[in-house]
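*Asks:* The following feature annotations were taken from TrEMBL:
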- 183-351: domain 'GAIN-B' (DOMAIN)
- 621-652: region 'Disordered' (REGION)
- 1-21: signal peptide (SIGNAL)
- 358-381: transmembrane segment (TRANSMEM)
- 393-410: transmembrane segment (TRANSMEM)
- 422-446: transmembrane segment (TRANSMEM)
- 466-486: transmembrane segment (TRANSMEM)
- 506-530: transmembrane segment (TRANSMEM)
- 550-572: transmembrane segment (TRANSMEM)
- 578-601: transmembrane segment (TRANSMEM)
Amino acid sequence: MQGPLLLPGLCFLLSLYGAVTQKTKTSCAKCPPNASCVNNTHCTCDHGYTSGSGQKLFTFPLETCNDINECIPPYSVYCGFNAVCHNVEGSFYCQCVPGYRLHSGNEQFSNSNENTCQDTTSSKTTQGRKELQKIVDKFESLLTNQTLWRTEGKQEISSTATIILRDVESKVLETALKAPEQKVLKIQNDSVAIETQVITDNCSEERKTFNLNVQMNSMDIRCNDIIQGDTQGPSAIAFISYSSFGNIINATFFEEMDKKDQVYLNSQVVSAAIGPKRNVSLSKSVTLTFQHVKMNPSTKKVFCVYWKSTGQGSQWSRDGCFLIHMNKSHTMCNCSHLSSFAVLMALTSQEEDPVLTIITYVGLSVSLLCLLLAALTFLLCKAIQNTSTSLHLQLSLCLFLAHLLFLVGIDRTEPKVLCSIIAGALHYLYLAAFTWMLLEGVHLFLTARNLTVVNYSSINRLMKWIMFPVGYGVPAVTVAISAASWPHLYGTADRCWLHLDQGFMWSFLGPVCAIFSANLVLFILVFWILKRKLSSLNSEVSTIQNTRMLAFKATAQLFILGCTWCLGLLQVGPAAQVMAYLFTIINSLQGFFIFLVYCLLSQQVQKQYQKWFREIVKSKSESETYTLSSKMGPDSKPSEGDVFPGQVKRKY
């Protein structure tokens, strides 16, 4: 039964194979454009084309063959030095750059191994480069001449800079026009880079726009603006980039800004000039692309500026220059005239949040009151006076003075010297507060370690001997070194605090993080020691428990004071607003926390407060009795209706 059943199936498969074979044989007649038939069975794309599917051989009749661009990756044909690649449909060719040609005289070639572009004016090129080198050397000598720039005012500096810029432009154009056969001249060193291009004929469609590149800066200018309608003689365009000239003609020469904005120059200074005619009215704006000196700038204001000469010197101006586009590394500008150009950026001052301002002032006012009460308590309450209390007192005094100075002086940015002094004082006071907190941690550790030793008094003597030199001396040395090294970084445009430039903020955050880490380690050791002693020393349970309670309070203080500045560091990204509120609230209530933990929650202090309250009430009562008796006289007797303090008039 199986034989008769298998025979029809086998016949079906054979017929299907024949149909497929016949279809394949006839598919060569239907190869797509730019493809050829292979063995009458498959199609393949011609040289210079590739299939859309990426297959070398194919039979699918709807396949397409697309042109290969040999001039871009992953192909990137190498044409050799002084030549560029041009893609055409199905092929490509190499062409020498202006000023170079093949030895054979051909204009195009495809094999760089057999063809080399040679300089057509090698002697003139060498002479032109020598002339440019002389210009560059002279500019470097002027740039490094310190005597030249040590003038009394900005006006003399700006005038000298203008003369130098114009002189360099004129001499570069003169050199380019001396050798018009050399279409392109380039030279570069550490301080300046120059590119010139010469046009000796009319502007063709291919040369409608010229692009010049120096030191990652570029300029696009129309050919018609270079020749200025004059086709009788050669015309030249010069593009010059100065690496360090911006340090001299910097952002201080830009007066169109808000005083609170921190404006800085974030590009190299570039100059563009055409010749032989210098009086230029451009038909279309030139496009300038600048590479940033500081990448990924965090700024909200960008200014495209040019060096404008006035009757009183020169300065940066925005007239005729407009911002087109900016990213992390480059800024693109349009300018309607030729001159010297740059990009200025402004670190805009953050807009104040009125809610945060209210929280700050209210919280710090409450904190000041609490710190004052805590300091008076530590001074007057004899029952709690010991080494720990002395440490709390110094910490409270430092925070009190720091908060008070913050309230009255943080916004006093003028005069600059006063603002720097306030910033330095705040730096010192906050560092001193953290140093006293470190001394508290050291004292706690020594106390816990020597609970069972009869030398507790020696610990107190040691702490009294070192605490004042360390507590006030170490912060003074830190601030003195910082002020001597970077005095200009004390005070910003809108706050009398440390500047963010050059990582100067770490002169404060570095010691704070070190103290926070050291105290954290000390407190962990204290708890470990107390846990071990609490299980083995029943006779000193009360002493250990008191020390443990003090350690808990000190640890809480560490997190309140230390974590505050950690929150300040986290004020970035989407959670910046939340962190700002947490930082402000916790920082404003530091004094209240110290008063709460060390005074209001202390049983000894509570008893002392009750005693003082009773004495005040008693003194007031006695004062009222004395006043009443003095009014009645020594011989007078009280009448029936008189009621003395403390008496209640009864009705019968």
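Every residue number used here counts from 1 along the chain in the order it is shown.
Note that Cβ sites are derived from N, Cα and C of the backbone, with glycine treated the same way.
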*Asks:* Give me the stretch from 393-410, 422-446, 466-486, 578-601 with the greatest number of Cβ pairs under 8 Å to the transmembrane segment (506-530).
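*Replies:* Result: 422-446.
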*Asks:* Which one of these stretches, 393-410, 422-446, 578-601, has the most C-beta pairs shorter than 8 Å to the transmembrane segment (466-486)?
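*Replies:* The stretch with the most close Cβ contacts to the transmembrane segment (466-486) is 422-446.
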*Asks:* Which residues, given as numbers and ranges, are at least 6 beyond the ends of the transmembrane segment (422-446) yet have a Cβ under 8 Å from it?
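*Replies:* For the transmembrane segment (422-446), the list is 387-388, 391-392, 394-395, 398-399, 401-402, 405-406, 409-410, 412, 459, 462-463, 467, 470-472, 474-476, 478-479, 482-483, 490-491, 496-498, 507-508, 511-512, 515-516, 518-519, 522-523, 525-526, 547, 550-551, 554, 557-558, 561-562.
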*Asks:* Could you give the residue numbers and ranges of same-chain residues that sit at least 6 residues beyond the transmembrane segment (393-410) on either side and whose C-beta is under 8 angstroms from one of its C-beta atoms?
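*Replies:* That would be 361, 364-365, 367-368, 371-372, 374-375, 378-379, 422, 425-426, 429-430, 432-433, 436-437, 440, 467, 471, 495-497, 590-591, 594.
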